[in-house]
Amino acid sequence: MPVLLKSETLNAFYQHKMVRFFLSAGIATITDVLVYYTIINYVLKNQSIQFNQFRASAHEFTLTISYSVGIIVNFLITKYTVFNESSLKARKQFIRFATIAFIGFFANYALLRFFVELCGFWPTAGRISSALSLGFASYYIHKLFTFKVRTHA
């Protein structure tokens, strides 16, 4: 009987959208951070990138790549496991999701620079801190805008 109770408790816990949202965001964030860690430490070896006249620090350039991967993972999991009752077309959902993510990118960028350059955080710790700082606002924005459920009055 204890196994059944434990299973029912976990099932009831998983039924809450916010729990599923944070699980999907957590998986996407872990993916983002792993991509970030791998690229910054093994591909770029913490060296800046030079594009013609433009120079990007390793943590700025890597954020662009890892954040993009995280967006795709997060959208797919969120669409199919959290807000799956939305009647909006997938393309429209993705455009909305990507727009919010684009805005979130600049918020993440500003926070990452703050944590790394001003507070002296190790870049991966700064990336985790910036992601966690924006999580709750993201849930409500996606619930009310990206995956909006149409109600007919």
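Positions of Cβ are set from backbone N, Cα and C atoms, glycine also.
Unlike curated entries, TrEMBL annotations are predicted automatically.
Listed in TrEMBL for this protein:
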- 20-147: domain 'GtrA/DPMS transmembrane' (DOMAIN)
- 21-44: transmembrane segment (TRANSMEM)
- 64-82: transmembrane segment (TRANSMEM)
- 94-115: transmembrane segment (TRANSMEM)
- 121-141: transmembrane segment (TRANSMEM)
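Across the candidate stretches 21-44, 94-115, 121-141, the maximum count of CB pairs under 8 A to the transmembrane segment (64-82) is reached by 21-44.
Tertiary neighbourhood of the transmembrane segment (121-141): same-chain residues 18, 21-22, 25, 29, 32-33, 36-37, 40, 46, 58-59, 62-63, 66, 100, 104, 107-108, 111-112, 114-115, selected by CB-CB distance under 8 Å and a gap of 6+ residues from either end.
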